[in-house]
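**Student:** I'd like to ask you about the structure that follows.
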Ligand SMILES: CSC[C@H]1O[C@H](OP(=O)(O)O)[C@H](O)[C@@H]1O
């Protein structure tokens, strides 16, 4: 998408040296646009773990380039195995990480070391290009959900949680793709942007993205989403996801489950946007089988933002001696999901529908 008129992707190969990997450091947004340069596999692993890059599809794309950087340094079998292991251990919930690493392994293992570097960069680039096309398709298939509610120029209010925008993918995003397309089609779409404690991906990233694209939005506290639904101010909810089971259970940013409960209680459609690379065909029961990342307590006990003097500051918001827990995701049972917006179309959140739509993959 564009940042102040300049087209960007969230990750790309440096166009000067043609081997280092460039990213937008998302820990610095929205306060500054820092383009970081990653030159080692370990640097990519840190970027994923510390959330300089985040979002399931972007985590997968970043890991793919991490393998390419590893091959550039040492294309041996041991180096390939080490890269897969190190990158695979960075974050446990988003299945796209495992999917991308398996794809890189499959592409590189059969090759001679001499052929691996070029092949790795080629496969990583293909993953990125496919992600862009996939997300455009998600946008196209999700657009009617918004357009159907825009009769007579009526404003359509969409609530989203966390950030599943272009910055969470290589481009376009998943949950935000239909919103961008609705906006570009002239529909009066407004987005309730939940701040998404504790990392505030909504307040810091979704608000920033939508603002840069000129999409009307209002940031709200996480706890306000249900209230907006009760008042009839939410026409539909669209969120992203990090892993969907073959039965349609959805892992997403912590707090998503509460939105789904409020949506069900208020008769608000609750849609989940995802590429098929986010489906984990090996599991059915999300609550039992999706690993939930536990992140540092400091993400709950402190907040970082711009101080009134313009400096970037981190403040403590919890007493020093109070422990904090920080589960980064929760699981929304399929029964609370109105439907899935995929690159192949809209799909019920159940095993039969998923297998019908993706019989060539399942
Ligand atoms: C398009 S996937 C976006 C998904 O990833 C986010 O998690 P994180 O920011 O921790 O990587 C969140 O769950 C989003 O819905």
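For all residues, glycine too, the Cβ spot is worked out from N, Cα and C.
Whatever TrEMBL says is automated annotation, not expert-curated.
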**Student:** Which of these, 18, 22, 91, 231, does TrEMBL say binds substrate at the same site as 54, 55, 56, 201, 252, 253?
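**Tutor:** Record check against TrEMBL: substrate site with 54, 55, 56, 201, 252, 253, extra candidate from 18, 22, 91, 231 is 91.
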**Student:** What's the number of neighbouring CB atoms sitting within 10 A of the CB on residue 91 (substrate binding site)?
**Tutor:** 22
**Student:** In whole Å, how far does the CA atom of residue 252 (substrate binding site) lie from that of residue 162 (site 'Transition state stabilizer')?
**Tutor:** 9
**Student:** Note down the number of other Cβ atoms within 10 Å of the Cβ of residue 162 (site 'Transition state stabilizer'), including every protein chain shown.
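**Tutor:** Looking across every protein chain shown, the total is 30.
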**Student:** Cα distance, residue 253 (substrate binding site) to residue 242 (active site, proton donor), nearest Å?
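**Tutor:** Computed Cα spacing between residue 242 (active site, proton donor) and residue 253 (substrate binding site) is 8 Å.
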